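For reference, the structure is listed below as structure tokens.
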Amino acid sequence: MDCMYDAELVDVVKNTSNESILPILEQKINLLVSSGETKCYRTLKRILYDFVTRKHLDGIMYILDSELLTDNVIRKIDRYCILLSCKFGFVELLEYLDEIGVDILVEKIYLELIFEDSFKYSRYDHDDEYYDDHFFKSSIHYAVKYGHMNIIEYLSCKKTNADGLLSACSLKNIQLVKYFLDQQNYDDNTIYHGLRSACWNGDLEMVKYFMQYIPEDKRNNVFILDHVCEEGYFDILVYLIEQKWKIDVEFAIKQTVMGGRLEMLKYLIAQYPDSKYSVVKLIETISYCGKDETLEYLLSFEDSKLKKFIKSNKFSKLLEVVCERGYLKVFKILFHLNENVDLREAFSNACQNGHLDIVQYIISNKKEFTDKNFLENDQEHITYLTRITFAKGHLDILKCLDEIGISRSYISEYAASLVIGNGFRSKKTLECVQWLFEDEKYHKYSQAIAVKAFRYDTVSVIKYLVSVGLDIKPITNIALDYICINNNMDCLKYLIENGTDITINDNRAIKLAAQEDNIDIVKCLVENGADIRTDDDYVMKICTLRNHKVLIRYLMSLDIKEPSNESIESIEPINTIKNPNKSEKNWIKHHCESIYYTKLMDRP
């Protein structure tokens, strides 16, 4: 297999002195160019990196001045040299680039051009294939990032560069901020952006330095305060108010409440006693954020609308969200405002999101959940509650429900299988299955649960199911399909260890794994007896058709030749359907991780 750069040349250059290197380059450059743009560029990247680290400007100039390189390679190398000069403070290189007409103030240098000093590259590396603007930064950004003042000064003398100032702000470098502000003039918009960045970083010294550049009549950008209030930068808030910064008091109070900043809230209310704000809306906001101390403080204010609010549907909805997020202290405070509120949905939210403390508190304080009328007359709600809680894997809550008479009898086969893939947050997937199977009548759910376990590579559950009597043979087809589609190596190894025939259905497994570009699965199957050349080299043909480069290289290492274009025209990809084994369709349910109410309630 060919490496994507000339490793031999890179090593020679690396181990040759500056005095002896130019003759080698002169001798090798023609051959390198003839190898193609990609290999040429990737090789030169590594050579240039080495030259810059040892400040060998003559070697770099020889490459940059070469008339043999294509325009595309030259363009990439130019920008790469800009980045390296910024990274290593090689101002002589930057000056030379400027001298030969390269735009050194470029706004987009591909970020992935940076690579490790160790030169450890995968032979399958693809370091130039993605060009999303999200990964681009400017030359001045890198100059600021690496902090070489000679580079920063050289770039700054070319033009007023707002990106340099803002980069210094984001990197919290007050010395560079002072340098840029003292050396250059910026428009109001740039100054506002810099001040806001300083506020977001909580840097009071930087805020003070920016303030001297903002006239008092222009201190009116209300959005400067949003992060200050939410993050609790009290000293900056006080300073801005002292500097007569115009603020939207209602907005500032809301942001302070969202951050749970009690002392700042008290300060704002004291500073602006005549300001108007809705206590009810603030209570809703602070409850959503789970800040109990701030909530208690807000409730100390009288509000004529509060009594009406706690009897409304909005209050019930608020409790539902609080229970969903698990804010026990907030829930207790709100519950005592109206203990007659309907908590069924709130209770359900607490159960399915695993908040045992809230579940126990509701059971202790709302007797209706232990009342016979609830257990006998609200079967639909109880059924959903039990199934969704099991599907999410909250075993401690299931046991708590069992104590008040809500047993595992409500759990369907479909709900039982959902715990695989949905119970990962609780980390008790296996324990939930074991708890359910304490009653042997639920062993009939084994195959449905096992199918999901093969899909999500949950081999611990499969081993347990086998230990209590599961026969894997009826589901081998669908198990292998999921393994090959989802790259589930643990489950594949388990099947092989237990003597499963991995060549069934005309070696479908290896063909499907190749089609899905799962090289590790392909290798494992080959090592354990699968026929890599089955069906007239189907594996190589499907890899060629779908351009699976890594797999193609692996197959070529096994002396399998690439097929002709004519031979792959008629190749038919394997259809991956919801249930790969149609004969088992009646009792195996295929579904995604989403849990839908109708399916959860209707499916057996």
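A Cβ is built for glycine as well, from the same backbone N, Cα and C atoms used for every other residue.
Record features, source Swiss-Prot:
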| type | residues | note |
| --- | --- | --- |
| REPEAT | 77-106 | repeat 'ANK 1' |
| REPEAT | 135-164 | repeat 'ANK 2' |
| REPEAT | 166-189 | repeat 'ANK 3' |
| REPEAT | 221-247 | repeat 'ANK 5' |
| REPEAT | 248-277 | repeat 'ANK 6' |
| REPEAT | 314-341 | repeat 'ANK 7' |
| REPEAT | 342-371 | repeat 'ANK 8' |
| REPEAT | 380-410 | repeat 'ANK 9' |
| REPEAT | 445-474 | repeat 'ANK 10' |
| REPEAT | 475-504 | repeat 'ANK 11' |
| REPEAT | 505-534 | repeat 'ANK 12' |
| REPEAT | 535-565 | repeat 'ANK 13' |
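Mean per-residue pLDDT, taken over the repeat 'ANK 7' (314-341), amounts to 94. Taken through DSSP, the repeat 'ANK 2' (135-164) splits into 20 helix, 2 strand, 8 coil. Here the repeat 'ANK 6' (248-277) has, by DSSP, the following mix of helix, strand and coil residues: 20 helix, 0 strand, 10 coil. For the repeat 'ANK 10' (445-474), the list of distant contacts is 413-414, 416-421, 429-430, 433-434, 436-437, 482-483, 486, 488-491, 494-495, 498, 500, 584, 587-589: same-chain residues at least six beyond its ends, Cβ to Cβ under 8 Å. Through the fold, the repeat 'ANK 7' (314-341) approaches residues 284, 286-288, 290-292, 295-296, 299, 306, 347, 349-350, 353-355, 357-358, 361, 365 of its own chain, all at least 6 residues removed from its boundaries and within a Cβ separation under 8 Å.
Here the repeat 'ANK 1' (77-106) is broken down by DSSP into helix, strand and coil counts: 21 helix, 0 strand, 9 coil.
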